[in-house]
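Novice: One structure follows; several queries about it will come next.
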């Protein structure tokens, strides 16, 4: 089965074609991604209206390129899949409407894919990973620990109660006057800094719950920087190094508890695995910390290639292909969802916002 996938949930416009054979093995036939970094850089973050307009301007030619790169015509694909949520509603509308139109014109089945499910299943495309396994999703919009039991069978073990990790990186970079996107900028500066200079907090470290929290760490960075104004270059590099070390330590504690939970629930699993996905997974320091953690706990550490860790359409096409193997197509009446939990059975997680408790 060959599936055309479309991804427009945030600030990457993407189209791809993936093939899934009868044995469940996958192959990427094409994977085209157009980043909007240049459009959003002047604002220091993603502007939803600009993102939606950029998707609308670029998506048709990206679909054409994906088909050309795969050597296929539209009628030769077997299904069309698109991200239906979660994400920025304007971008989701652009991708979903385009995918529905293509599916209707070519008379092909249509699959509405949860963006998080795309990340959750990528390791099955790249590594043929069997169920069950653990997924750590760390991106600008999400920080979650998910138990993946099967297609559509997910349990959220932990999530952030305030800020996503990628957001904490971006806000730290902006505070320190570093360029957008913030994650790579902080990582570059941290290479030259002293991670022991500032004693930044490790939120929730030592607690039995498996959730994450990064707002307190972000606040500590702001307070530290404010006390040092005017900042020297060395101050900036040391803050970045201390921030990154605190994140690595926090992740190791939170994820380590999830690894123990997995071994308790699946004591007979021959090859327990931790999959790391999302843009923050590109950070070499964090990857090294998690890889060492997996080695100590007897887990395989799996991180898909960088171009498949960040937002892309190959993961959406693959998730559509996995669903097509076992499920009926979705209706063309399906609507985009800006919020769409991967595990809808889980109770809401309550954190603290400016106006008090929030879900």
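Every residue, even glycine, has its Cβ placed from backbone N, Cα and C.
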Novice: Can you pick which of 253, 268, 311 Swiss-Prot lists for the same Fe cation site as 115, 119?
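Specialist: My reading of Swiss-Prot gives 311 as the candidate in that site.
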Novice: Which of these ranges is annotated region 'Disordered' in Swiss-Prot: 200-231, 328-359?
Specialist: 328-359
Novice: Of the candidates 118, 158, 183, 298, which does Swiss-Prot annotate as part of the substrate site that also includes 137, 138, 139, 140, 141, 170, 283?
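Specialist: Candidate listed by Swiss-Prot for the same site: 183.
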Novice: Write down the Cα-Cα distance for residue 119 (Fe cation binding site) and residue 140 (substrate binding site), rounded and given in Å.
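Specialist: With the alpha carbons as reference points, the distance is 13 Å.
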Novice: Given a 10 Å Cβ-Cβ cut-off, pick out the one of the binding-site residues 137, 138 that has the most other Cβ atoms nearby.
Specialist: 138
Novice: Which are the residues of the chain, 115, 119, 311 excluded, whose CB is within 8 A of where the CB atoms of the Fe cation site average out, their centroid?
Specialist: 7, 9, 83, 116, 118, 139, 277, 278, 312, 315, 316
Novice: Excluding near sequence neighbours, so keeping only residues 6 or more apart in the same chain, what lies with its CB under 8 A of residue 141 (substrate binding site)?
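Specialist: Expected: 10, 86, 87, 164, 166, 167.
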Novice: Which one is it: of the binding-site residues 115, 119, 311, whose Cα lies the shortest distance from the Cα of residue 170 (substrate binding site)?
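Specialist: Smallest Cα separation from residue 170 (substrate binding site) among 115, 119, 311: 311.
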Novice: List nothing but the one residue from 170, 311 whose Cβ has the fewest other Cβ atoms within 10 Å; the candidates are the binding-site residues.
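Specialist: Selected from the binding-site residues 170, 311 on minimum Cβ neighbours within 10 Å: 170.
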Novice: Given that the record lists 137, 138, 139, 140, 141, 170, 183, 283 as binding substrate, what is the largest C-alpha to C-alpha distance among them, in Å?
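Specialist: Across 137, 138, 139, 140, 141, 170, 183, 283, the widest Cα separation comes out at 17 Å.
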